[in-house]
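A.B. asks: My questions all concern the structure below.
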Amino acid sequence: MKLLLFGYGNVGKAFRKLLHEKRSPELNDVIIGGIVTRRGIMLQDKEDFTPDLEGDVFKAFEKIKPDIIVDVSSANYNNGEPSLSLYKEAIKDGVNIITTNKAPLALAFNEIFSLARSKGVKIGFQGTVMSGTPSINLYRVLPGSRVIKIRGILNGTTNFILTLMNKGVSFEEALKEAQRRGYAEEDPTLDINGFDAAAKITILANFMIGNSVTIKDVKFEGINRDLPKNEKIKLIAYADEKEVWVKPLPISQDDPLYNVDGVENALEITTDIQSILIRGPGAGPVNAAYGALSDLILLKRDCL
């Protein structure tokens with residue numbers, strides 16, 4: 001079974017490493033047929049990227065003819081490209097997809113999955129929400145239950161900043177510390193303004209509740225220096241059948257999300273049967289890569 005790896009940054013390199021290290025029986029026949037980045041196309045599987053051909057991901061798709069696309073490329077929230085068009089082309093050819101790229105799903109979840117169902121194509125996307133912590137794949141093992149609402153802390157950067165602010169650190173100093181530790185980007189806008197969490201709750205709302213929403217339908221607020229100082233604040237993402245939103249809210253000590261601190265993420269899923277809480281690391285290249293690898297194994301087991 002041949003993979004086309006789209007993207008070879010930290011997540012792509014971590015995925016390749018895990019694929020070689022975690023040789024479960026399901027992975028014995030899996031090979032990386034090629035890797036494509038902005039620099040070109042490598043038609044082999046090796047640690048150091050050296051392009052063999054010029055060209056983009058569409059040329060790589062045509063040349064390599066993969067069985068599965070693994071998309072670990074960076075997100076383009078303007079229009080989801082080139083991943084969105086790549087997914088459509090892959091689905092039409094019956095090629096399965098594994099992705100850690102939130103943008104196409106946040107912009108066109110139902111369009112993508114409707115097309116995939118019509119062609120019998122499987123899509124694994126655990127790495128888009130909470131990385132390797134099985135938020136998406138937890139839902140796959142809840143057959144027969146109906147999700148009524150979901151709420152959670154879905155952005156590790158803002159949760160780390162809010163944890164420090166709760167200890168009396170200023171917003172500016174907390175952000176600097178997050179950047180120093182590598183939790184926040186040099187430009188942290190998409191984390192700080194709530195957009196990243198909004199993209200994730202969009203994916204969850206469509207997948208778990210059956211909503212028909214895009215990131216453009218979600219109301220979101222971020223965090224700033226003006227948040228109340230005398231209460232513990234968390235950036236909460238919420239969805240039910242009627243609304244999807246993200247905003248900072250005070251949280252009480254008896255709330256299951258109260259002690260979710262640092263870069264940890266958590267998701268509370270309320271069904272018509274029970275309420276389930278899952279928590280764990282929500283970021284980091286190895287965690288995201290493991291999310292993709294777990295999807296690959298589940299795909300091989302015919303469990304996606």
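Including glycine, each Cβ sits where the backbone N, Cα and C put it.
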A.B. asks: Looking at Swiss-Prot, which one out of SER24, SER73, SER252 binds NAD(+) in the same site as VAL11, GLY284?
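C.D. replies: So the NAD(+) site in Swiss-Prot includes VAL11, GLY284 plus, from the candidates SER24, SER73, SER252, SER73.
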A.B. asks: Of the binding-site residues SER74, LYS102, VAL129, which one has its Cα closest to the Cα of GLY284 (NADP(+) binding site)?
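C.D. replies: Out of the listed candidates, the nearest Cα belongs to VAL129.
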A.B. asks: Taking every protein chain in this structure into account, which of the binding-site residues GLY182, GLY284 has the most other Cβ atoms within 10 Å of its Cβ?
C.D. replies: GLY284
A.B. asks: Indicate the candidate from SER73, SER74, THR100, THR133 with the smallest number of other Cβ atoms within 10 Å of its Cβ, considering only these binding-site residues.
C.D. replies: SER74
A.B. asks: Indicate the candidate from VAL11, VAL129 with the smallest number of other Cβ atoms within 10 Å of its Cβ, considering only these binding-site residues.
C.D. replies: VAL11
A.B. asks: In three-state terms from DSSP, label ASP196 (L-homoserine binding site) for me.
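C.D. replies: Assignment for ASP196 (L-homoserine binding site) reads helix.
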A.B. asks: For the C-alpha pair, I'd like the distance in angstrom between SER74 (NADPH binding site) and VAL129 (Na(+) binding site), rounded off.
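C.D. replies: Cα of SER74 (NADPH binding site) to Cα of VAL129 (Na(+) binding site) measures 15 Å after rounding.
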